[in-house]
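Working notes, structure below.
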Ligand code: NA
Ligand code: NA
């Protein structure tokens, strides 16, 4: 019986760890006597989240649960995952996953095992009302995920340490921030947020990486157990959408109003999100950029 | 030899002063950032990132100097309450352990630095920073710490314990 | 390896290395090397260990630790702090225990300007102690109040330790800083009360003496010139946080700038003063940050090995009430505090305390303040108490460490009483932060 060690970049039982933990339970249940996963834990108490990619690469950890943005130091191309217009099932069909997996093999020494939270997008959250997709004159807290898009909308991009975002929103140092549909309430930021801009953009997905040596060592029976759990994990899109709906209802209850763009405005808004995102991506990734854009765009 | 020793001392002193200077610069720039932001002149987007690297760099660069001053806090319960000979023996043991720790960390931080340089890792935040430039601070710091432990060791073997002179005064 | 063996290996080795006198940071690093090899997996684990050293320090929330220290050092080395205490000295009239009262009042004022207990104690000790001993003060009433008032610096903001605790425990740093104000003032009043009563009952412990009679404006003038303007610095640091204008890091930077401006205003700022302040800040800040590097990784390896969860599981299985768990935490901290410094205390206990407190529903802000008070107590509990050594350093050579221990004892009792009161009435700690601007 093989035992693998798994770590999540997010704290135990929080939005982006829950399904990963369920995935592990699934493997441990169906893999009795064949393969087991020892879930070591999640978040900063176990490992600096930005070191998890390297830990998977070197085999300190066998399986890691982390978004592409957390290991761009190892694989800058991981940044393109957020820009994909396809579901993971479609990507496995059209060659996009295979291309990305090859890059993971080569540069991260990892198998791109699975993707979760595939159906959850990002949003702009604001404290000042806007009536068109224009952030001119607004100070928006960014991470590298949003920088190009928000800049293209005329925002003044501001970097704020994670622990200081609440205070910064509270006293108006920043007028807004980017975040997935889910998770705002976990952080308590709903107390200092007035608006959410719809529709959402990009994919707030989390990747599950497995050390390539550990992956290669697995027998067919062991891979079978893992693969069927992966299939289950990647089928949770509808469930995730329902969870996001509930989260939106809770946001509304907490006083966050929706600013909704419709029709052509919404289309233009999304087009700008992807165009600006790809533009920045292509500038930084001349080698694999064009091919990835072709594979991931519709 | 004597010249080399004094050159080394000067180097350590400079490292300490540099760390202090970095903290003064941080105070200055963060203050300016607050003011210009509040009068609506924008902000230094790179300041947080630079501050983080500066804090890390200053700490590792100045750690050997702090060891030279004997200002790394230690629990002197045992050392302070045993006969002189025993205290000397303990000093030798701790210096040897300290030396081993510094050498092991020197080796593996060097390995981490080389691995990062070979795979050309870049850190993408506001700035794009070559990762191994940052990691290289570690082996440099560990090498200086190892030298400093050797100096302490030599002193202890010659029969002079530094435990009595260590400034346990320097705390919080 | 099962979790219990892992726990015994990690903690046992740590204690052994600390006990033989290896500097605390290196004791952590040594255990980390063994732990990384065993639990993270051989050489790959050791390389990861090296990378973690960088990752654990590149954090903006740790910046105020250095800046709050810098503030205190600027005011100390420029002599501004001395002038302020001298001005307080003029105000207090001829009463028994006069100089003890000056040290408590002056120490409390300087506490609001400095995040460093060492600077605070050193200022008071070098300024007031020689005079006290010359006047025939009993060592208890001479050194006790100085150490006690010195240690308040970490409770009343600015406080480097509160920032450290808040950032590592995930407690709002602004709230924790603000929460320390009332308990700090309460302690200061306790100390004053004790000094007045003790010197009143036994005047020979602190003989009163004739002081130059300064009347009217001349008596108040130094206070107005050298103390009142300094409250501007406190207002900048605390006010900017209270009003919600500045993050803790920004308030620390503003505090440094304000201190430098104040020193310049008194024509006491020079390149020499700045260099001295820079060196002293670097020495202490680097010492603290280096321990942080080592101990953050220590607690991560401990969690990685399964020891943290294993121990929590056992504690949980006792089904103790939250109150009993809180008491157990405080006792453990008091015990550790007798032997080690404040940063190590935080580092060793947090990986267990925070998950445990969340599990049983103990208010983290309240727990944070209680932890700060225990850490304050541990500054003067023998055998290892930093302020005891500072006192030894500034006292005349004929004062023994035993006398210093004895001098601290009554004040430790007062601090324990204050701790008990805040355990019973959490509002003392948590009320002020709740009225902060939302
Ligand atoms: Na203070
Ligand atoms: Na103590």
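From the backbone N, Cα and C atoms, a Cβ is placed for every residue, glycine too.
Here TrEMBL flags B:12-32 (among others) as transmembrane segment.
Per-residue pLDDT, averaged over the domain 'Tripartite ATP-independent periplasmic transporters DctQ component' (B:27-158), rounds to 89. Here TrEMBL flags B:27-158 as domain 'Tripartite ATP-independent periplasmic transporters DctQ component'.
The list of residues near the transmembrane segment (B:44-67) in space but at least 6 beyond its ends in sequence, with Cβ under 8 angstroms from a Cβ of it, reads 12-13, 15-16, 18-19, 22-23, 25-26, 29-30, 32-33, 125-127, 129, 134, 137-138, 140-141, 144-145, 147-149. Annotation source TrEMBL lists transmembrane segment at B:44-67 (among others).
Annotated transmembrane segment per TrEMBL: B:88-112 (among others), in sequence order.
As annotated by TrEMBL, transmembrane segment applies to B:132-151 (among others).
Sequence-distant contacts of the transmembrane segment (B:88-112) (same chain, six or more residues past either end, CB-CB distance under 8 Å): 78-79, 82, 135, 138-139, 142-143, 145-146, 149-150, 152-153, 156-157, 159, 161-163.
Secondary structure counts, DSSP: the domain 'Tripartite ATP-independent periplasmic transporters DctQ component' (B:27-158) has 98 helix, 6 strand, 28 coil.
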